[in-house]
Amino acid sequence: MRCLGIESSCDETALAIVDDGRLVDAVMSTQAELHALFGGVVPELASREHYRLIGRMFDSLMLRCGLGVQDIDVISVARGPGLLGSLLVGVGFAKGLALAGGQRLVGVNHLHAHLLAAGLEHRLVFPALGVLVSGGHTHLYRIDSPRNFTLVGRTLDDAAGEAFDKVAKMLNLPYPGGRFIDVLGHMADPDDSMFPRPYTDNDNLDFSFSGLKTAVSTWLKAHGGTALAAPPAESELQAMLQNNVLPSGMPADMPLVCASFNAAVADTLYIKARRALQRLGGRGQIRSVVVAGGVAANSRVRTSMQRLAAEEGLHLHLPSPALCTDNGAMIAYTGWLLASEGLHHSLELETMPRGRVIPDDYIYDAH
């Protein structure tokens, strides 16, 4: 079964083809440089860029794969959560293809797809604890199958990825700033007493990162001159990412701030994920840990999750960094998994922007 996946939930336009669970090819275009001018994603600009790019990217993907529309069996698309205008572009395009070619249409939960994407590299083992850490969400799930997700913990305010971007902005680093904080964090040893492990002195499974963001802001104000005076030039950014070369004029304390912030986020995720495993019955009830989302590309977060899985004696599904950020492969793979179970949607499929509950409204077809 060959499945086309379409992702347009935020500021990446991405398409991919999965054939019987294996990735055939993928294309992706990011709008990060465009939105960096505004310090964050501008929804209207994002949807216009998706509309401008999606058709030509589809043509390019099909040409690269040597396929026609008639060679696709299933069309899957991210239906939410995300930005409404962006989602409408992807869902509208998917519906048009399905209507013209007669393929089955599968609407995919973007968050679930992040967690299932690890299955492209290694067979997933269920039941699993899902740890989703992205720019808009920090969620803990019990996952029993590709269709059955139970939310057990979530952020009450800022998501971890949002905290990374806001701290990067405080330091005058470019948007999105998580990768720069990660690289700078390797240039110093963290001070575990510098920043709190927020919202861990309780017995629940929810997160709150607003206090950590405030703690960083307070520290920076008390230690003036820690942030860059101006954003680095592109050449300096590339030197930092590729060769660990500090930008000119970087304050001496900046790597320490990044290392300590990285450690605070990673420790918080470790504490809550370990607590979730205990609540869900531990090794006797949970067989693996799945970590996903853009922040899962952070090296310290990856190390903390590796430690957790090793301590608990569980399989760890940690996708490669390319599969952590928004991509078409995760949508295609999830669509293939669901279609393999006989699940699909009608052409009345609704988009579900952030804030709306995505219903389990699949149509079951035994054939």
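Heads up, the Cβ atoms here are built off N, Cα and C, so glycines get one too.
Just so you know, the Cβ of H110 (Fe cation binding site) picks up 27 other Cβ atoms within 10 Å once every protein chain is counted. H110 (Fe cation binding site) falls within a helical segment according to DSSP. Residues annotated as Fe cation binding site in Swiss-Prot: H110, H114, D326.
Secondary structure at S134 (substrate binding site), taken from DSSP and collapsed to helix, strand or coil, is coil. Residues or ranges marked as substrate binding site in Swiss-Prot (evidence: sequence analysis): L132, V133, S134, G135, G136, D165, G178, D182, N298.
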Listed in sequence order, residues not in H110, H114, D326 with Cβ within 8 Å of the centre of the Fe cation site Cβ atoms: E7, S9, A78, L111, A113, S134, G293, N327, M330, I331
If we count other C-beta atoms within 10 Å, could you say which of the binding-site residues S134, N298 has the fewest? S134
Under 8 Å Cβ to Cβ from G136 (substrate binding site), same chain, six or more residues apart: give me those in sequence order, or none if nothing qualifies. C10, P81, A159, G161, E162, R354
Of the binding-site residues H110, H114, D326, which sits closest to G178 (substrate binding site) by Cα distance? D326
